[in-house]
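Reviewing the structure listed below.
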Amino acid sequence: MDISIKDFGELSGQIIQEYTLTNRHGVSLSAMTYGAAVTAIRVPDKNGLLQNIVLGYDTVDEYVSHRPFYGATVGRVAGRIDKGQFTLEGKNYQLETNEKGNHLHGGKNSLDTKIWSVKTNSAENEAQLIFSYKSLNNENGYPGNLAIQVTYTLTESNDWKVNYHATTDKTTLFNPTNHVYFNLTGDPTHTIKQHQLTLTSNLFAELREDSIPTGNLLPVNETPFDFTTADTISKGFESSHPQNKLVAGYDHPFVLDHLSQKPEAILYDPISGRRVQMFTDQDAVVIYATDSLDGKHTKEGTLIEHYAGITLETQQLPDAINQENFGNITLKPTDIFQAETTYRFDTML
């Protein structure tokens with residue numbers, strides 16, 4: 001395994017570094033210290049052509065200016081918290097409201113905007129980037145000093161593993177995710193409309209007009225949210241279903257069934273033959289695929305088009321602290337938070 005480092009830019013007087021892990025197959029993963037963000041994943045297509053399959057920018061300034069959360073570590077709490085309010089151990093908390101009167105992705109200055117420290121580790125069959133950041137008490141309104149470690153592992157079997165580890169000195173909330181956008185065509189001028197998605201999920205969370213979950217978990221059966229067998233993403237873009245029209249596609253949490261030995265999600269591009277299989281110990285995945293990408297910003301000299309990416313954001317259900325039966329996102333000083341998601345890359349002819 002090879003590990004290389006280069007300067008990616010400068011922010012507030014600090015050099016932002018990009019690290020790249022490369023295995024013997026030529027598969028590589030790049031990530032930078034700003035936001036512990038994945039900047040590129042290069043994998044072969046069915047003909048052996050190596051291309052980057054995730055969205056990103058060429059400079060750190062673009063990540064700061066546009067903030068689409070490309071590849072970023074998101075938190076403390078991913079997704080939305082209703083009105084930015086919650087109660088914990090009898091105390092009411094008010095977080096910053098940064099989207100439609102709600103709290104989104106940890107706030108305006110959350111984990112994706114921080115400069116993380118990083119260590120590397122290499123073994124015979126894998127290499128790791130170990131990112132660390134300490135979120136101080138009351139940062140963005142959250143209680144507790146939270147020590148966070150995010151580890152990206154690339155293996156010789158073409159697995160990308162994402163591991164989270166966190167501890168706190170005061171009861172707090174923690175529900176992180178990675179916001180990488182996949183485009184398996186390897187070309188951001190092409191959309192993901194013909195990508196095929198499979199999910200081990202029979203329920204999805206209904207959303208209000210402001211994208212906060214209503215609390216209702218709806219059956220996917222006979223709706224455009226049914227991916228229990230492989231289907232094209234585009235069906236949601238063309239759908240008249242009120243939940244699809246609400247967000248111009250998908251921005252929805254799906255409850256995972258965790259079927260034994262099966263991936264929780266499979267994303268496949270029939271043109272390139274590239275496939276991603278996702279395995280996770282988290283209870284939900286947010287599928288985000290909308291027309292929000294504006295077709296103006298560039299990566300490697302090419303325009304990033306509408307519908308150019310799709311996320312598979314593993315986490316607990318959004319707004320869990322305010323919803324019954326949405327899972328537990330409370331972290332106590334006596335607890336250690338740990339979570340793991342694996343993305344496995346291969347091709348199908």
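Backbone N, Cα and C atoms are what each Cβ position is placed from, and that goes for glycine too.
Record features, source TrEMBL:
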- HIS179: active site, proton donor (ACT_SITE)
- HIS179, VAL180, TYR181, ASP251: beta-D-galactose binding site (BINDING)
- GLU313: active site, proton acceptor (ACT_SITE)
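On a Cα basis, GLU313 (active site, proton acceptor) lies 6 Å away from HIS179 (active site, proton donor). Cα of TYR181 (beta-D-galactose binding site) to Cα of GLU313 (active site, proton acceptor): a distance of 9 Å. Residue pairs drawn from HIS179, VAL180, TYR181, ASP251, the listed beta-D-galactose binders, are separated by up to 14 Å at the Cα level. Rounded to a whole number, the distance between the Cα atoms of GLU313 (active site, proton acceptor) and VAL180 (beta-D-galactose binding site) is 8 Å.
Note: ASP251 (beta-D-galactose binding site) has non-local neighbours LEU207, SER211, VAL286, ILE287, TYR288, THR290, i.e. same-chain residues 6+ apart with C-beta under 8 A of its own C-beta. Non-local neighbourhood of the residue listed as 'active site, proton acceptor': VAL74, ALA78, THR177, ASN178, HIS179, VAL285, VAL286, ILE287, TYR288, each in the same chain, at least six residues away, with C-beta under 8 Å from its C-beta.
The secondary structure of HIS179 (active site, proton donor), as reduced to three states from DSSP, is coil rather than helix or strand.
Taking the mean position of the Cβ atoms of HIS179, VAL180, TYR181, ASP251 as the beta-D-galactose site, the remaining residues of that chain whose Cβ falls within 8 Å of it are PHE69, TYR70, TYR288, GLY309, ILE310, THR311, LEU312, GLU313.
Within 10 Å of the C-beta of VAL180 (beta-D-galactose binding site) there are 26 other C-beta atoms, taking all protein chains into account.
In the three-state DSSP scheme, the residue listed as 'active site, proton acceptor' falls into the strand class.
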